[in-house]
Amino acid sequence: MNMFSSLMLASLSVLTLPIMSSILNTHKNSTYPHHVKNIISYAFITSLIPTMMFIHSGQETIISNWHWMTIQTLKLSLSFKLDYFSMIFVPVALFVTWSIMEFSLWYMHSDPYITRFFKYLLTFLITMMILVTANNLFQLFIGWEGVGIMSFLLIGWWYGRTDANTAALQAILYNRIGDIGFIMAMAWFLFNTNTWDLQQIFMLDPNLTNLPLLGLLLAATGKSAQFGLHPWLPSAMEGPTPVSALLHSSTMVVAGVFLLIRFHPLMENNKTIQSLTLCLGAITTLFTAICALTQNDIKKIIAFSTSSQLGLMIVTIGINQPYLAFLHICTHAFFKAMLFMCSGSIIHSLNDEQDIRKTGGLFNAMPFTTTSLIIGSLALTGMPFLTGFYSKDLIIETANTSYTNAWALLMTLIATSLTAVYSTRIIFFALLGQPRFLPLTTINENNPFLINSIKRLLIGSIFAGFFISNNIYPTTIPEMTMPIYMKLTALTVTILGFTLALELSLITHNLKLEHPTNMFKFSNLLGYYPTIMHRLPPLANLSMSQKSASLLLDSIWLENILPKSISQFQMKTSILISTQKGQIKLYFLSFLITLTLSMLLFNLHE
């Protein structure tokens, strides 16, 4: 094992130290959260060395040390894949987690179970690292389920609240639907290729049937909150803000996209799956952007923007650009985590007020938080030379020069424009104008944990895109020539979005709508999707179950067997008897018919 892989394993295994220490030393320790935060910072610094070595040499490594078990001809072993995707993602995830852990020291300082909270976050990080570095489906599935169960525990952290419990249950149920697809794909690979190792699967048959790939797409739909299985992500905002910043913006929700990137060698020549992926991503990115326009909860707006960006990543995979989707995963993590932390800072300072209509004028009261929020929003919209620009602008350019589904690409452009609209709406409502919160609210953002954590991500939101895109060579040949109007498309639609948002804000200030329009209702009620899916099927199920339980037993078994069947039998026999008229000619006729039929049959038989 060379130095490169040793250092990478050291940076990952150091994360398990706080878990081990908590098992050995069970009594409460007030310094434990600080200990966890420091360990993650050390892991991040250590992971930078192998990443730099990888960027310099470009040498991928597979570590396969521990053989676990053999089932007939299937060999299961612990295998780590240190390639382009895992080597770049690990430092990004560790950096973001380090900042969020420090933010949690401020945000959760009054929580009596802060030690357990940090343990949960650390366990989540370990399972995420298992998922990213896995070289076989079995190991990947362990990480996949691990992040799912940690998401459930962390969303329902404040278990005294009904909403938190409902949201946690909703998240796990929607993810279960996705997991069915994952398990189906695993079973297919086991029966047809007799292996779960990624290299062997890719080598054996690149032209698979659509079934396992559809299973993987369903798994990605569940985990990455794509249209159809998307309602759990906005509901997950019931959890604490650090959970939203870490799990539901930058790391866990991109696991579905990461899965599709991992299996891209099987998808790149499959037109059906590519088209399905593209259309699914386009519908998601537009639908969730529309839903974000009229929400009033600051965290829900950012959650819908996350879902919209995930849709954009899926679109990028759909136009056969997995490396570009991965670049967007890495750049998106910085500013989206920072946006959540800024919203958490505002919520905490305003005594847990999340409604943007009850904020306002915070630019003077919270200069650092609001500046970071504005820069994060600009990075999200793809402002030139901020982090988001380096991936988002490339995605729009590649989409414009792609010859695939034009409708899907048009929907993506509209969604990009709407990104600017809801980002500007947050800035207008929360930061500008007159203060609309209680005058006795004491606002204080002068805490080193808060300032340092946001500051690090702020630097990342400005410079990370430049560094990542400069140090990583392009893997596909870029377009050599492009008309100037196509080059400026992304910037144009963003500016259009800003203009539209300014116009809307002026209308909102000067005009009161007595009756909301149908479009407003559609957006505000999330496209009626939760109303339909969470009300009608359960109602039909419950009423059918009640009827089958209460009526089936009584009506069929008890009534039909004895009382009803006896009466039916008596009625039929009485009808039969009463129709007999007692005339001899009728009896003779019946004899004659029988005789004729028997003679005919006898003749035919001969």
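Cβ coordinates are placed from backbone N, Cα and C, and glycine is handled just like the others.
Quick caveat, the model's predicted, so the values are computed rather than measured.
Taken from Swiss-Prot as is:
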type	residues	note
TRANSMEM	4-24	transmembrane segment
TRANSMEM	38-58	transmembrane segment
TRANSMEM	87-107	transmembrane segment
TRANSMEM	140-160	transmembrane segment
TRANSMEM	171-191	transmembrane segment
TRANSMEM	241-261	transmembrane segment
TRANSMEM	273-293	transmembrane segment
TRANSMEM	301-320	transmembrane segment
TRANSMEM	325-347	transmembrane segment
TRANSMEM	366-386	transmembrane segment
TRANSMEM	413-433	transmembrane segment
TRANSMEM	488-508	transmembrane segment
Chain residues outside the transmembrane segment (488-508) and at least six past its termini with a C-beta under 8 angstroms from it: 381-384, 392-393, 396-397, 400, 413-414, 416-425, 428
Chain residues outside the transmembrane segment (4-24) and at least six past its termini with a C-beta under 8 angstroms from it: 32, 35-36, 39-40, 42-44, 46-47, 49-50, 53-54, 57, 59, 61, 63, 80, 82, 87, 90, 94, 115, 118-119, 122-123, 125-126, 129, 133
Ranked first among 140-160, 241-261, 273-293, 366-386 for CB pairs under 8 angstroms with the transmembrane segment (87-107): 241-261
For the transmembrane segment (301-320), sequence-distant contacts whose Cβ falls under 8 Å of one of its Cβ atoms, 6 or more beyond its ends: 220, 224-227, 230, 233-234, 236-237, 244, 248-249, 253-254, 256-257, 260-261, 264, 267-268, 274-286, 288-289, 291-292, 295, 328-329, 332, 336, 339-340, 343, 356, 380, 392, 395, 398-399, 402, 404, 408-409, 412, 415-416, 418-419, 422-423, 425-426
Whether the transmembrane segment (140-160) meets the transmembrane segment (38-58): three or more C-beta pairs under 8 angstroms: no
For the transmembrane segment (413-433), distant same-chain residues with Cβ under 8 A (at least six beyond the ends): 282, 285-286, 289-290, 292-293, 295, 298, 301-302, 304-305, 308, 311-312, 346, 356-357, 359-363, 370, 373-374, 377-378, 380-382, 392, 396, 399, 489-490, 493-498, 500-502, 504-505
